[in-house]
Number of protein chains: 2
Amino acid sequence: FLREDIDEEVAKLLELKAQLGDDGKTQFVLKTPKGTRDYNPKQMAIREKVFNTIIRCFKRHGAETIDTPVFELKETLTGKYGEDSKLIYDLKDQGGELLSLRYDLTVPFARYLAMNKITNIKRYHIAKVYRRDNPAMTRGRYREFYQCDFDIAGQYDAMIPDAECLKIVHEILNELDLGDFRIKVNDRRILDGMFAVCGVPDDKFRTICSTVDKLDKMSWEDVKKEMVNEKGLSEEAADQIGEYVSMQGGMDLAERLLQDHKMSQSKQACAGLSDIKLLFKYLQLFHVTDKVVFDLSLARGLDYYTGVIYEAVLTQAGTVSAANEAQNDTNAEESVSVGSVAGGGRYDGLVGMFDPKGRRVPCVGVSIGIERIFSIMEQKAEASPQKVRTTEVQIMVASAQKNLLEERLQLISELWNAGIKAELMYKKNPKLLSQLQYCEEAGIPLVAILGEQELKDGVVKLRVVATREEVDISRADLISEIKRRTEA
Amino acid sequence: FLREDIDEEVAKLLELKAQLGDDGKTQFVLKTPKGTRDYNPKQMAIREKVFNTIIRCFKRHGAETIDTPVFELKETLTGKYGEDSKLIYDLKDQGGELLSLRYDLTVPFARYLAMNKITNIKRYHIAKVYRRDNPAMTRGRYREFYQCDFDIAGQYDAMIPDAECLKIVHEILNELDLGDFRIKVNDRRILDGMFAVCGVPDDKFRTICSTVDKLDKMSWEDVKKEMVNEKGLSEEAADQIGEYVSMQGGMDLAERLLQDHKMSQSKQACAGLSDIKLLFKYLQLFHVTDKVVFDLSLARGLDYYTGVIYEAVLTQAGTVSAANEAQNDTNAEESVSVGSVAGGGRYDGLVGMFDPKGRRVPCVGVSIGIERIFSIMEQKAEASPQKVRTTEVQIMVASAQKNLLEERLQLISELWNAGIKAELMYKKNPKLLSQLQYCEEAGIPLVAILGEQELKDGVVKLRVVATREEVDISRADLISEIKRRTEA
């Protein structure tokens, strides 16, 4: 039993109890579906900030954006995700087409390219995807979650778009200021070549690859056990794989492996290694090699990758989430990495699977693991003394005396029409104190106070919430004064 | 047979033909599910513009935002939509909870309030909703579509939040510049009171109400027929309803009906009429009464409304969509209105349906009918000579000679790091002409050209695409020069 399993069982029992109610009758269950959550205004404010940073980066790199439906024809998703296909949500057959919720944004993107015969595009797509996985909400693993994808489709010279994808990951993780990170790089052709020269039978490449993929969660001993006992690989082959997958380095490692007497026997591996060398050359020009590691243990789960693959991990265990994770770990090494926050790779065959004539459109892309990033940003916000504002309201229109609702409505209407963000309390005669308190709570910096005297004088009393300073401003100057005081 | 029915039949047959293929074998169908569509980059650029206008308005009025999952427990949606419940998409039972895709954003909002015991909030929510309706894509009716909702929850003084909702509709439709519009207003209590005094039996209020709701699509004669023949109402009662639902006016009509010997017998109707009067008073202070009509034929379909209801329609038939619609019309009057672009009302009982103790949270809100607005904006963009840009790229990094890829990569990296939006072609040796052509097509205003001479001199040749003017700029000044030339 893991801690989270127990939590889940407890939640189930509590739910059953709630359904029974006091008198044993079935009651209504007030919850979101398993593995999903609402975002409250504070979470949304943080989410908006993170999205803006990411979108700004994607736009800086010249990406357009597209959108696709949340569900696809079931057959569109069939045969694209290997062992993970069982996690796809299907819609009920209510007469008509058989539909499934999208599992990622990559397959719908490939479908879109083939359907519209597009051979060149650089696009980003930020949207929710759905996986009937075992949720682990404390680790930021949900059944409904956002993906932020950037992809470059087109027949181009080797490794130039690939290097840009890594530059983007580097820019985003830097700008979000999440602490130190590493970007691991490998190539599916190197993995396949390695499997071949280590004596893995051809028909076991994919399944052995998905076992290697577990190295970030399991020790080598356990991975080897799975290879030998469950997947029927010879112990000798497993040991040879074990030697390779422990290797990490940079361009030098790629050069060394190109000379390796075993690895160099595989044409595929050599093609992959040459591309890794070229990639590192471009990454040097981008000044990002300090964070990039060529790591032969990186496998990535999805079936559709054909070339370079990569994954970014945060290496600082400075957050609550990291601490939680460390507690759950059986493997001490794991506490160093708080998990993947971005990943991607090259998939040159996927679009061709959709094209009636099998025309290929080479693609490379990256997906930002936004949910983990949210979790970390949320914890940072909690820990910070600064309050997260959930609105951008500049001013509250208040009254000091009774019977001034009409005057408040007239004034706020003028402010809205001038583009000022303004609120008033929906009461005929609110107390001045409660209006001021509302401003304190909501972080509204200014109050426009109306009273009999102010109306007579053609002015508004402008109060600065933080300093309690008050000045009379003529109605004619009010809008420019508010703008002057609130525009950052 | 309607034109759109025939179109649908043709589409089905073509699909069948495609599945059979040339050799009679079943082939893959490359399409999005029925009633859904992809958005291409151009559509997304327009969509982003419309969303920004709407969100800016919601924020100006001090709204926070929340998000909820795309699916809810099936029972959360049960009993909320009356006759329309049959249009809800269910998920397949794959073990676990029974789930349905959300049908609107209002019911999830009410569930959110009850679940979190929130009694006061002003929030907006922009997200997709799902209805297994008969799609009419040319009219902007889809099975997956966006809703943009703004709601105010809380126990407040009468009609103040309600008036703000109408002010918001007025601001948004003005700012989007879609042509003239009307906002029809009515109240469920006036409708119910009217039904009572006209002799409609209590148990027929809802069904007669949903027939009245068809008055914007059907003539009064057909509506009356449905009431009498299908719903079993007496001809006399129907005729009395007919007299009321032909009435339109402003505050004066509300005053007149308060004196009406029949209508004034209903307490409910009087409460509604008094609130309409108050609403108009506040709308006068907001200076929006020119667009607002008190219209007794407005019914709105949804079950959950309890008080004021409203709907905005565009009154200019200046668009292609309006022309299409006019062709399909049997009723000539209809061509005047291109259909509803916003709607909403008060629903004081919905949150209580979710609260275990039935605690009520009064709510009022408005939903912007964004899909019709998209259609209109798209047609406007098509008709305009100005090209829609799908990226914001400021500069392309180009080379005039061969073998300068490394120099291009280095320069573009500097630009990205300085926040400049920049692209380069993913070729080792692209032709200068093709680089310049790319800029023309994508609307990129500047090109930074690198050549041997420029590198030697420590400069970049900056070319203005529109004028073909070229100047040498030192590398040190390049970034500020680009910013100066492209910041609007």
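Cβ coordinates come from backbone N, Cα and C, glycine included.
TrEMBL entries are annotated by machine, without manual review.
Bear in mind that the values here come from a model prediction, so they are computed numbers and not experimental data.
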Additional site residue, A:ARG60, A:ARG131, A:ARG182, A:ARG256 [criterion: listed by TrEMBL with A:ASP104, A:LEU105, A:THR106, A:GLN147, A:ASP151, A:ARG300, A:TYR304, A:TYR305 for L-histidine]: A:ARG131
Taking residues A:ASP104, A:LEU105, A:THR106, A:ARG131, A:GLN147, A:ASP151, A:ARG300, A:TYR304, A:TYR305, which bind L-histidine in the record, the widest Cα spacing (Å, whole number): 21
Conformational class of A:GLN147 (L-histidine binding site) under the three-state DSSP mapping: strand
Which listed residue (A:THR106, A:GLN147) has most other Cβ within 10 Å, given these are binding-site residues: A:THR106
Cβ packing number for A:ARG300 (L-histidine binding site), 10 Å threshold: 21
Among A:ASP104, A:TYR305, which are binding-site residues, the residue with the most C-beta atoms within 10 angstroms of its C-beta: A:TYR305
Secondary structure of A:THR106 (L-histidine binding site) (DSSP, helix/strand/coil): helix
